Every structure is written in C-alpha cells, then in structure tokens.
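Asker: According to TrEMBL, the feature region 'Phosphopantothenoylcysteine decarboxylase' maps to 1-189. Taken from TrEMBL, the feature domain 'Flavoprotein' covers 5-173. Taken from TrEMBL, the feature active site, proton donor covers CYS157. Taken from TrEMBL, the feature domain 'DNA/pantothenate metabolism flavoprotein C-terminal' covers 185-395. Feature annotation from TrEMBL assigns region 'Phosphopantothenate--cysteine ligase' to 190-401. The CTP binding site feature in TrEMBL is assigned to ASP278, LYS288, PRO306, ASP307, ILE308, LEU309, PHE324, LYS338, LYS342.
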Amino acid sequence: MFANKKIVLGISGGIAAYKAADIASWLTKNGASVHCMMTPNAAGFIAPQVLQALTHHPVVVDEFMSGPGWGIVHIDTVQNADLFAVIPATANTIAKIAAGIADNALTSAVLAANCPLFIAPAMNTHMYQNPATQQNIQTLKNRGWHIMLPASGHLACGAVGEGKLPEVAAIEAELQRLLLPSQDLAGLKFLVTAGPTIEPIDPVRYITNKSSGKMGYAIAEAARDRGAQVLLVSGHTNLIPPAGVEYLAVDSAASMLTACLDAYDGCDVVVKAAAVADYRVAEPAAQKLKKADGIDEMVLRLVKNPDILAELGRRKTHQLLIGFAAETNNVEEYARQKLVKKHADMLVANDVSRADAGFDVDTNQVTIFTAAGDKLISPLASKRQTADFILDAVRARLDKQ
Ligand code: CTP
C-alpha cells in the first residue's frame, strides 16, 4: 500500500510512546520506509532498539549520532519524506515546534522538513486544555499541520478526560488518508461559503455573529484534498485561507450573494456553511455616530437581507446544494423546514448550544438531512473529519444521479 513512501515518525516522551511501535510496524508491513526520531525522554519510555528492529532503519535520538553513511541527521532524515508524523506529541514538543525551537534531533528535523506534517497530541487533560497548549496547537493548524484530536478516557496519570492518544486503528486510518488521499471529487467544482457576514452601522461599527469559519474552511480543505477545484467565499475570520483553494474575501451578505451568483453557473456543488446575517442596518451612517448628551437610547432600523441559499435554490439547474442550520433548539424540525423551504439537496444541522459542537470549537457533530429522506448522524470528531463525513454524503448523492 505504501510502497515508495518515506515516513518520518517522530516520537516524543509520553507514556503513549509505546503505541508508536504498533504504528511503525503497521507502516513498515505495508511497504513504507519508516525512519524514527525520538526525543531523549521518549527513549525512556520505549527502547530505540524496538523501533529499529521493527523498521529496519537506525533510530535517531541524538543529533550527533554517527556511523557509516550518516550525514547531518536532522537534515538527511527528512529529505524526500512524504510525511512527518509526531506520535505521540507531548505538550512540550508541541510548544517547541510552535516556537520554532530546535533543541533536539526531532525538533530540529521538524524545522528542516518540507513535507506534510501530522501530530497526534497526547497528555494529561489539564495540560491539553491549558491555553498555552491550545494556542500552540492552533498555531500549528494555521501553518497547515494535520492535527488528530486526542480521545477522552482513562489517562495514565489516573485522571479521566481529554488527552488520550486515539486508538491506534484510528491513527492508522488518518495516516492512510494523508498518504493516499482519495481523489473521489476530482473534476468537480465546489463553491464553499464560510464565516460570518458583517453589516455596517457606521464606518467603525458593525453587526456580526460568532461564526469562526472553521467548519467551512475544513470543508474547502477536505474537498481540495479529494481532488475538487474549490472557490472559498469567506467573511472575516482569523483563519489562513487553505493553499490551493481559490479565495474570495467578502464582508456583507450582499457582497457574499454577488460572489455566489457570479460563480454559481460554473459550480457542481455548493456548500453554504457561512453564517449570514439575516438583517442589515437600513441606513448605515456615512460618518461615525456620536453619543449625544442626555440621550440614553439608540434605535437601529434593520431590514431583511437576501437569503443566499434560498436564492441559489431558486436558480438551481444542475448544482448540488448543501445548506447548514445552526440551531439551539428543535434542531431536527428547523433543519427539515430549511431543507424544503430553500430547495437544498442536503441540510447539515448543527446544535450550536453544545460546548463541543458550537461556534469556534475544533470539534463538531452534525446530522445531515437529505431531500431523499435520509438522516445521517456523524460521530463527534474534528471539524476536518466532519468535513470528510459531509463530503462522503455528497459523493454518495452524486453517485446516485
Ligand atoms: N443563509 C443564507 N442567507 C441568509 C441566511 C441564511 O444563505 N440570509 C443560509 C446559511 O448559509 C445556511 C442556511 O441558510 O446554509 C441556514 O442558515 P441559518 O442561519 O441556520 O437559518 P436562517 O435561514 O437564517 O433562519 P433562522 O435565522 O430563522 O434560523
């Protein structure tokens, strides 16, 4: 399966380090050339000789290792690699990578790597949830790293919670997806909308919502990886547009509508993940509004925005139209109503009252309602995995046409 694939497996010093042996063995048995690099602490949890015996390659722990044919280890090891996977990635190693610190062979090699990068964080729950760790993981994500979220369960420290290395089989499935990406959406043009719209009140103030854009960006990225040509039309977010995706920044609902209509005829699939403002200020002020002494109230008159999804539904010819429904209650009822009312082919419903599936979190759990009457429930997973779940449903629907 992985013939001609060179994989650098970085192992940092957590108790889950022993699981890296299974992964190294599986990759090797499937034809990959696996080169392990361990932090000195990792070598305290699992002997380098175990990994060497399983992969048939010397294991790098010390930057100054030498032997016949050895050059500069942190440069040579990553040369022509197809993937650099750090499993498990401890809080310390993640922090060093985020900061660009190169104080051991593994972290030096990460800096020298010019290939897709993957980490599977594993650590104590409090360490994982610490804002420093979360920020570091976000930094890596913004740089294009593939992150596999940890699982919840009994941890080696005795605590129960987030931070566990996911099941080895789940990591293997993720590595397979990265090494052999399916091209099942090749030849299709996707229009994906993401993020919030903003509706001006005056030149310095506006009305917006809590959408982070993460779900839409994950869908754009996943569709790209599966071979689609993608146009991402996005409101203001803090996210970096995915490489290889055509990107159009918009602000108001009106500008998002124009961008969508311009692209619509040439699209095969439209995914409307954006959180569009339903109303805009009727008459935004041309100059900054000033407080007036003695007037304690201010009334803004709002008028309805165009419903972009409904408009695309009306104009639909050959396109497959996927809408979203962000709800806090009666999720199924409202989602089904929107599916019909907006002439969508699928409606992805999101319960945004949940802490693990709402705005600005990295996980999601959705239910897809299709015009054909199907109801598909995704597991709680990263937004990237949820994106693939949605795209699997799109692929299945296209196959039925
Ligand atoms: N949508 C849109 N244009 C709007 C409002 C919503 O294109 N003016 C799209 C969203 O992108 C999403 C779907 O319609 O795909 C549902 O959006 P949502 O905000 O959940 O519902 P609304 O239609 O706005 O209804 P309500 O606010 O009453 O829930």
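Using N, Cα and C of the backbone, Cβ positions are placed for all residues, glycine too.
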Asker: For the region 'Phosphopantothenate--cysteine ligase' (190-401), what is the mean per-residue pLDDT, to the nearest integer?
Answerer: 94
Asker: How many Å lie between the Cα of LYS342 (CTP binding site) and the Cα of the residue listed as 'active site, proton donor'?
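Answerer: That separation, Cα to Cα, works out to 51 Å.
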Asker: Could you tell me which of the recorded positions CYS157, ASP278, ILE308, PHE324 have their C-beta within a distance under 6 angstroms of some atom of ligand 1?
Answerer: ASP278, ILE308, PHE324
Asker: In DSSP terms, helix, strand or coil for ILE308 (CTP binding site)?
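Answerer: Going by the DSSP assignment, ILE308 (CTP binding site) falls within a helical segment, counted as helix.
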Asker: In whole Å, how far is PHE324 (CTP binding site) from CYS157 (active site, proton donor) when you measure between their Cα atoms?
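Answerer: Given the Cα positions, CYS157 (active site, proton donor) is 40 Å from PHE324 (CTP binding site).
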Asker: Hey, what's the Cβ neighbour count for ASP278 (CTP binding site) at 10 Å?
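Answerer: Result for ASP278 (CTP binding site): 13 neighbouring Cβ atoms inside 10 Å.
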Asker: Within 10 Å of each Cβ, count the other Cβ atoms, then let me know which of the recorded positions CYS157, ILE308 comes out lowest.
Answerer: CYS157
Asker: Sorted by position, what residues of the same chain at least six away from PHE324 (CTP binding site) have a C-beta under 8 A from it?
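Answerer: In sequence order, the residues whose Cβ lies under 8 Å from that of PHE324 (CTP binding site) (at least 6 apart) are MET215, LYS272, ALA273, LEU347, VAL348, ALA349, ASN350.
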Asker: Write out the long-range same-chain contacts of PRO306 (CTP binding site), meaning residues 6 or more apart in sequence whose Cβ is under 8 Å from its Cβ.
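Answerer: Sequence-distant Cβ neighbours: ALA253, ALA254, LEU257.
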